[in-house]
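J.: So TrEMBL says this about it:
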COILED    248-299  coiled coil
DOMAIN    345-402  domain 'HTH luxR-type'
TRANSMEM  21-40  transmembrane segment
TRANSMEM  55-77  transmembrane segment
TRANSMEM  98-119  transmembrane segment
TRANSMEM  125-144  transmembrane segment
TRANSMEM  151-169  transmembrane segment
TRANSMEM  218-241  transmembrane segment
Amino acid sequence: MEGLLEESKRRLLLPTMGARRKLVIVMNIVYVISTIFFLTSERIAEGKFVPQVYLLYYIYVPAIILNIGSLLYNLSVLGKAELWQNMPEIKIMFYDKIAAWTSMAAIMIMSTANMLGIGNPSQDAIFTDFALGHALILVVVLVVGRKGATIWFVIVLGILLYRSFDLGFDYQYHYMTSSEVVKYENALKNNEKWAIERQDVLNQSGLNPPKVSRYMNIWLIFIVVSYLTAYFFSGITLDLIKEVRPVINNIEEVVEEGSKLKNELEQRRNEAIKAAHRISRTEETLKKIEEELHKLSFEQRSAFQPITRVIKEELQKEINRDYRVFELSFDLTQNGHFEKLQKKYPQLTPNEMKLLGYFKLNMSNKDIADLMGIKSDSIRQSRSRIKKKLGLTSENWMEELLNGI
């Protein structure tokens, strides 16, 4: 039973602890590889890794280093390195949180810089740079939990609204200078022919410059829907994970209580067997006294009668006391066996009930015979007599009788 409970505990913990660790490992690997690939491609295409060199030293490089550190830590724990084998589980969980938060914080800082357009020579951050922030909501909720996801959701939403208000909802993306834009818009207001013709061509070709409000609305929907989906879906998973620890604690309590109960039952069983031995020895002593008295003459027996009566009474009291100890200890180990047996089969004698008690303790015919000071054949005869008295016919009548009480 204890082994089964311990195995259940191990199997409950294994998926919840291992799945999150593997997710962090995958995230670390993907981030490090994709960031190096991005920087390399920028270097090839633009001639430099990033538009502003401080971004490389203060954002990208620290983020890569932190994710590599998190990766090495989680791989060592997953590989059961000697350093972690003897460490308490609560400490490993603490280090897990630090590794998860540091790697996620580094990625979130980089994403924040991108969404704010820091170091971006264009004004097109709202086009694509919110995609990473949007995707991170799902990752954050799985790696660091719903609180972290809520914080990141507020940050992303705040930056989106800030960028939209900063540029203006009517701001249009096009490839003209500011002075050219002013000239074109003034020409439209004045209904100048060239401007109207240009606008007609753009409309027919579907080349109307998109406004900030359009991208803001799209990202707003994506971000809110992703957050709500991640938040409530993760709630189911997190609730299940939260239930694992109480279940494990209950398992440990059951194991501990079961172990105590097992020891107590074993102690009671030993007490019952000891009491049975004392009864047997006392009965044997009483029998020897009677045998010795029969060897004496009538006059001698009469002379010893007062003394022998006192001895017999005391020995019988001792037998009764030990039998009560045996009955009490036995009932404690067998959940009121004697009381139930007496109620169900009132025709059984005390000796027959005692014999069934010995069988319930898994004692063999030989051990019972030695204990009672009789032959093994007598035990077999007593079994047959009990079977006949109770009207039992099954071949396994003894097991059915004892297990049915």
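Positions of Cβ are set from backbone N, Cα and C atoms, glycine also.
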J.: Considering only Cβ pairs under 8 Å, which range in 55-77, 98-119, 151-169 makes the most contacts with the transmembrane segment (125-144)?
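T.: Stretch with maximum Cβ contacts: 98-119.
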J.: Would you kindly list the residues that approach the transmembrane segment (55-77) from elsewhere in its chain, counting only those six or more residues past its ends and only Cβ-Cβ distances under 8 Å?
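T.: Distant Cβ neighbours of the transmembrane segment (55-77) are 21, 24-25, 27-29, 31-32, 35-36, 39, 49, 83-84, 92, 95-96, 99-100, 102-103, 105-107, 109-110, 113, 118-119.
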J.: For the coiled coil (248-299), what is the mean per-residue pLDDT, to the nearest integer?
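T.: Mean model confidence (pLDDT) across the coiled coil (248-299) is 70.
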J.: How do the residues of the domain 'HTH luxR-type' (345-402) split into helix, strand and coil according to DSSP?
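T.: Per DSSP, the residues of the domain 'HTH luxR-type' (345-402) fall into 40 helix, 0 strand, 18 coil.
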